[in-house]
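**Student:** Would you mind keeping the following structure in view while I ask a few things?
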Amino acid sequence: MTNLDQTTWFTEVSDRDGSAFSLRINKKLEEKQSPFQKVEMYETTDFGNLMIIDGCTMVTTRENFFYHEMISHPALYSHTNPKNVVIIGGGDCGTLREVLKHPAVETVHQIDIDAVVTEMALKYFPELCESNNDPRATVMFDDGIKFMADAAPESIDIIIVDGTDPVGPGEGLFNHAFYTSCLKALRSGGILVQQSESPLMHMPLLVEMRDAMQDVGFADLQTLPFPQPIYPSGLWSVTLARKDENFAGFREHDANSANFDTEYYNTGIHLGALATPNFMKRAFNK
Ligand code: SAM
């Protein structure tokens with residue numbers, strides 16, 4: 001058995017999951033302790049640049065498209081007319097870039113608590129930040145929980161919660177109070193979409209999150225699994241929660257005729273992700 005030398009490998013040890021994941025590195029690029037979290041940047045040998053927040057792998061150049069496309073396009077193509085979008089978290093700006101590919105979108109507010117994440121992204125993932133200066137985009141640094149609590153009622157079409165795991169500053173993005181604020185701020189037909197961890201490793205958390213969304217009054221939930229090579233287990237998910245029954249379903253025709261490029265997302269992927277695997281169905285129906 002080969003032991004991984006810490007000077008040439010970055011390893012995220014996930015104690016809660018009994019697993020670990022390593023990427024081979026050339027060098028550490030930078031490290032900053034912000035008031036909220038420790039942000040580290042590495043250059044890897046095969047995955048491009050790597051961002052770590054509080055010891056957890058967040059983004060690499062090579063594979064971030066799975067996550068950023070799946071947290072954006074299924075929700076945007078499931079809303080009849082997504083004009084006003086809010087992203088909570090998302091400081092690496094990859095989700096913002098995907099959302100702005102949709103011509104129907106008129107405004108996007110991105111609220112990340114930590115300016116250091118965006119500072120690092122601008123430096124080491126410039127391609128993710130290429131739409132930051134789009135006139136429809138507003139990039140803000142504030143607590144997303146407070147932003148949603150203060151949001152005007154019925155003012156948003158889609159809320160995307162692209163946050164960290166439910167520890168540290170991201171903890172309050174998974175509870176009843178936050179979901180109540182989101183429900184109130186959404187217009188009729190609106191959708192809340194949130195990264196919902198690994199269905200394989202974190203099912204109790206996923207079920208708790210879905211229950212909380214339903215408890216506060218969201219009408220319909222869909223959890224879409226997708227591959228996420230650098231996160232624990234390699235299987236991740238997003239959960240879409242609809243404000244009410246006023247929705248048209250997947251705009252498949254529009255998705256088919258999209259005039260922008262994606263690496264992973266297409267109509268077949270979207271339809272496939274709507275098919276819930278049996279182990280997930282069982283857990284959700286308990
Ligand atoms: N998993 C993502 C990926 O692969 O691209 C990266 C997630 S990262 C962008 C999550 C972001 O949530 C971090 O930048 C962190 O600062 C932000 N965050 C955590 N708690 C927050 C809060 N309460 N309000 C706003 N942003 C928050």
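Residue positions begin at 1 at the first shown residue.
Just so it is clear, glycine is given a Cβ too, placed from its N, Cα and C backbone atoms.
Heads up, here are the entries from TrEMBL:
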| type | residues | note |
| --- | --- | --- |
| ACT_SITE | D162 | active site, proton acceptor |
| BINDING | Q37, D112, D143, G144, P169 | S-methyl-5'-thioadenosine binding site |
| BINDING | H68, D92 | spermidine binding site |
| DOMAIN | 7-243 | domain 'PABS' |
**Student:** Averaged across the domain 'PABS' (7-243), what pLDDT does the model get? Just tell me the whole number, please.
**Tutor:** 96
**Student:** In the structure shown, which of the binding-site residues G144, P169 has the fewest other Cβ atoms within 10 Å?
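**Tutor:** Across G144, P169, these binding-site residues, the one with fewest Cβ atoms within 10 Å is P169.
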**Student:** Can you see whether DSSP assigns D162 (active site, proton acceptor) to helix, strand or coil?
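**Tutor:** Once the DSSP labels are grouped into three classes, D162 (active site, proton acceptor) ends up as strand.
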**Student:** How far is it from Q37 (S-methyl-5'-thioadenosine binding site) to the residue listed as 'active site, proton acceptor', counting Cα to Cα, in Å?
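**Tutor:** Between the alpha carbons of Q37 (S-methyl-5'-thioadenosine binding site) and the residue listed as 'active site, proton acceptor' there are 16 Å.
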**Student:** For D92, D112, D143, listed as binding-site residues, tell me which one has the smallest number of other Cβ atoms within 10 Å.
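**Tutor:** Sparsest of the binding-site residues D92, D112, D143 by Cβ contacts within 10 Å: D143.
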**Student:** Far apart in sequence but close in space: which same-chain residues, 6 or more away, have a Cβ under 8 Å from H68 (spermidine binding site)?
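**Tutor:** H68 (spermidine binding site) has long-range Cβ partners G94, T95, R97, E98, L128.
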**Student:** Considering only the recorded positions D143, D162, P169, which residue has the minimal Cα-Cα separation from D92 (spermidine binding site)?
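**Tutor:** Its closest listed neighbour, by Cα, is D162.
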**Student:** Using Cβ atoms only, which residues of the same chain lie under 8 Å from D162 (active site, proton acceptor) while being at least 6 residues apart in sequence?
**Tutor:** I71, I87, I88, G89, G90, T95, Q195
**Student:** At its widest, how many Å does the recorded S-methyl-5'-thioadenosine site span between Cα atoms of Q37, D112, D143, G144, P169?
**Tutor:** 15
**Student:** 10 Å Cβ neighbour count around Q37 (S-methyl-5'-thioadenosine binding site)?
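**Tutor:** Around the Cβ of Q37 (S-methyl-5'-thioadenosine binding site), 21 other Cβ atoms lie within 10 Å.
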**Student:** For the S-methyl-5'-thioadenosine site given as Q37, D112, D143, G144, P169, which other residues of the same chain have their Cβ within 8 Å of the site's Cβ centre?
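**Tutor:** Here the nearby residues are F36, G89, I113, D114, G163, T164, G170.
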